[in-house]
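In case it's useful when we look at the structure, here is the feature table from TrEMBL:
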type: DOMAIN; residues: 7-407; note: domain 'Enolpyruvate transferase'
type: BINDING; residues: LYS22, ASN23; note: phosphoenolpyruvate binding site
type: BINDING; residues: ARG92, ARG121, PRO122, VAL123, ASP124, LEU125, ASP306, ILE328; note: UDP-N-acetyl-alpha-D-glucosamine binding site
type: MOD_RES; residues: CYS116; note: 2-(S-cysteinyl)pyruvic acid O-phosphothioketal
type: ACT_SITE; residues: CYS116; note: active site, proton donor
Amino acid sequence: MQKIVVTGNGPLRGEVRISGAKNAVLPILCATLLADAPVRIDNVPHLHDVVTTAKLLQGLGAGVEHAGDAMTVDPRSVDSHVAPYELVKTMRASVLVLGPLLAKFGDAEVSLPGGCAIGSRPVDLHIKGLQALGARIDVEHGFIKASVKGRLQGAHHVFEMVSVGATENVLMAATLAEGTTVLENAAMEPEIVDLAECLRALGARIEGAGTPRIVVEGVERLHGGTHAVIADRIETGTFLVAAAMTGGSIVATHARPDTMDAVLDKLRESGAEISIDRDRIALDMHGRRPRAVNITTAPHPAFPTDMQAQFMALDCIADGVGVINETIFENRFMHVQELLRLGADIRVDGHTAVVRGVDKLGGAPVMATDLRASASLILAGLVADGETVIDRIYHLDRGYERIEAKLSALGARIRRID
Ligand SMILES: CC(=O)N[C@H]1[C@@H](OP(=O)(O)OP(=O)(O)OC[C@H]2O[C@@H](n3ccc(=O)[nH]c3=O)[C@H](O)[C@@H]2O)O[C@H](CO)[C@@H](O)[C@@H]1O
Ligand SMILES: C=C(OP(=O)(O)O)C(=O)O
């Protein structure tokens, strides 16, 4: 099994090119199933989750071609409506084929995703939303079996709580429903806006994406088209935190600063000087040690849970005490145990972690437990004395494109070993 070895090596400096967003490309690739002609997606990041999604689409019968950072999906040959357990268990976002398959073909069978390291992550809100559009849904033998006679019917639906995935699944389904769908308490994440833009490029009629009220005027068919995936705000944030922790100075290019207010505010609060020029974000720490920051995760536009672990790593070596509240996932402190192995001072009480900054971390063998936990361990390794060896890095490859190459180019000492 591969591992990553990081050795503390001083401030990061230079430019890093940001890739397309994992959390945008996955729903967008699923959305191509709704079209009745090939769809080309540009700025596709090279990630394990993208490979899994391509396998899932191919398993359904779609044609998938990958050239450079473009992927073309031809949904005309889809002849299966079943998403098997083997794929869904490795990537929860597979459940996002449910809405498109149901809306386009009138039936879908998708394996129930099950829990994962960060929480139980049920899909009841996806199911209720699709039922509101007239779907019949049974959950049996570990599968969600959905069907509808004729077309789905537009409806007024209020999500009980904000869910990114449920908003995406129901939004995709509503594009081909008969009549108007109004979704209230919808998630407002930039990736939802990007999905809606892609759907619009294929002929969907959607207003309000990026607000809590999305209105979809159903159409009979979606045609082919092209769309470029939005920049990954979590990858961007991860590199900026790395620079801040090392007292460095970097520029993230091809980024979308307008999607990152909460994260950039916290970086400024930690002492970073941030300047923005269109799609470039420059962070300069002027060699200073960061100040500790308090974080409370919540749906967009508040602070993203996917940046919580990275900011915890920053607080570990910051000046002062940072209090971190995780309100989205019930078990998203798995990195704490590993950060403690590096010499951090963290106390967890329920959903709250109190992090007292220490002067120095020391390298040690650690284990990655989920995607962003892996990132936080790399960040901690960048400022630790000696070697940090991170095991189970397959989590990392789900969501970061060539992270060790990008960090090396900024001056980090990091390598992958077998
Ligand atoms: C591929 C993708 O885009 N993943 C992101 C997506 O995950 P995902 O779409 O799974 O996250 P959700 O927004 O749905 O989850 C938010 C909360 O709602 C709960 N919930 C969700 C659905 C449901 O049917 N019932 C229910 O109770 C979840 O357990 C969680 O506590 O948004 C999360 C929250 O920003 C991010 O951390 C993930 O990186
Ligand atoms: C939790 C994450 O992803 P997923 O929903 O794909 O597990 C993440 O990107 O941090």
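Backbone N, Cα and C atoms are what each Cβ position is placed from, and that goes for glycine too.
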Please name the residue among the binding-site residues ASP124, ASP306 whose C-beta has the most neighbouring C-beta atoms within 10 angstroms.
ASP306
Within its own chain, what residues at least 6 apart in sequence put their Cβ under 8 Å from the Cβ of ASN23 (phosphoenolpyruvate binding site), listed in sequence order?
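Listed in sequence order: ALA93, VAL164, GLU189, GLU191, ASP232, ILE234, ASP306.
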What whole-number Å value do you get for the CA-CA distance of ILE328 (UDP-N-acetyl-alpha-D-glucosamine binding site) and CYS116 (2-(S-cysteinyl)pyruvic acid O-phosphothioketal)?
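Rounded to the nearest whole number, the Cα-Cα distance is 14 Å.
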To the nearest whole angstrom, what is the C-alpha distance linking ASP124 (UDP-N-acetyl-alpha-D-glucosamine binding site) and LYS22 (phosphoenolpyruvate binding site)?
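Distance (Cα to Cα, whole Å): 23 Å.
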Return only the integer: C-alpha distance in Å from VAL123 (UDP-N-acetyl-alpha-D-glucosamine binding site) to LYS22 (phosphoenolpyruvate binding site).
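Pair distance, Cα basis, whole Å: 20 Å.
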I'd like to verify something. Among the binding-site residues LYS22, ASN23, LEU125, which ones have a C-beta closer than 6 angstroms to some atom of ligand 1?
ASN23, LEU125
Radius 10 Å, atoms counted are CB only; among the binding-site residues LYS22, ARG92, ARG121, which position scores highest?
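Sorting the candidates by Cβ neighbours within 10 Å, the top entry is LYS22.
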Compare all C-alpha positions of ARG92, ARG121, PRO122, VAL123, ASP124, LEU125, ASP306, ILE328, the record's UDP-N-acetyl-alpha-D-glucosamine binders, and send over the largest distance in angstrom.
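Site span for UDP-N-acetyl-alpha-D-glucosamine, by Cα atoms: 22 Å.
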Looking only at Cβ atoms, how many others are within 10 Å of the one on LEU125 (UDP-N-acetyl-alpha-D-glucosamine binding site)?
19
Enumerate same-chain residues with a sequence separation of six or more from CYS116 (2-(S-cysteinyl)pyruvic acid O-phosphothioketal) and a Cβ-Cβ distance below 8 A; give 'none' if the list is empty.
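Listed in sequence order: ARG92, ASP370.
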Quick one: Cα separation, ARG121 (UDP-N-acetyl-alpha-D-glucosamine binding site) versus LYS22 (phosphoenolpyruvate binding site), in Å?
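So the alpha carbons of ARG121 (UDP-N-acetyl-alpha-D-glucosamine binding site) and LYS22 (phosphoenolpyruvate binding site) sit roughly 18 Å from each other.
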